[in-house]
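What TrEMBL annotates here:
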type	residues	note
DOMAIN	8-47	domain 'UDP-glucose/GDP-mannose dehydrogenase N-terminal'
DOMAIN	72-166	domain 'UDP-glucose/GDP-mannose dehydrogenase dimerisation'
DOMAIN	190-229	domain 'UDP-glucose/GDP-mannose dehydrogenase C-terminal'
Amino acid sequence: EILIAENKIAHFEILSNPEFLAEGTAIEDLSKSDRVLIGGDVTESGQKAVKALVNIYANWIQKEKILTTNVWSSELAKLASNAMLAQRVSSINSLSALCEKTEANIDELSIAIGMDHRIGKHFLKASVGFGGSCFQKDILNLVYLCKFYGLNDVAEYWHQVVKINDYQKNRFAQKIIEYFDGNLIGKKIAILGWAFKANTNDSRESAAIKVSEILYKSGASLSIYDPKVQ
């Protein structure tokens, strides 16, 4: 609207070019990307704009790794990629709860699952839960879209990924409380790591924050240290 207001004959195209960079490895991810995704309108001018951006990326990315789609496919692919990764985290964390009720070992289970080439080993390490600014935000955006289009069952499916993540954080904190027989008054607990991911200083949506909040409200005194977080 601003461009048109300044120049009535101006013509421009809007492209979707989502990033798939992991925090802490952004430069490497950009130079050695699995794929570059470019979405544009399926009009002649839209495809001309797509081709121009493809030619820019082709200076350092192999063309077979550059995928062109329409705008909706590109935008949804970004949300879906993060949702699928987060789903794996919540899946293995849900299984960790079952392992603790049985004689199964979650690390052994993760290895056994990951050796199946159809599944792979990535994002199968049980943890306190995922954090960061992307996973939860993108899943909730996906949930919103599903609800907007009346896909309530699909929305609930993806919302369960976030619910399991919250469950895992609470479960982890409760296990600490149970270790001290439910009484943290006078107890001092050290927390090593505050960022949501090792070797970064980003504490947004960090699992450590939620766990620490529960422990503090239960009466514990906390000493928190992370060499990357000021």
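Cβ atoms here come from the backbone N, Cα and C positions, even for glycine.
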Quiz item: Between 0 and 100, where does the mean pLDDT of the domain 'UDP-glucose/GDP-mannose dehydrogenase dimerisation' (72-166) sit?
Solution: 97
Quiz item: In the domain 'UDP-glucose/GDP-mannose dehydrogenase dimerisation' (72-166), how many residues does DSSP call helix, how many strand, and how many coil?
Solution: 68 helix, 0 strand, 27 coil
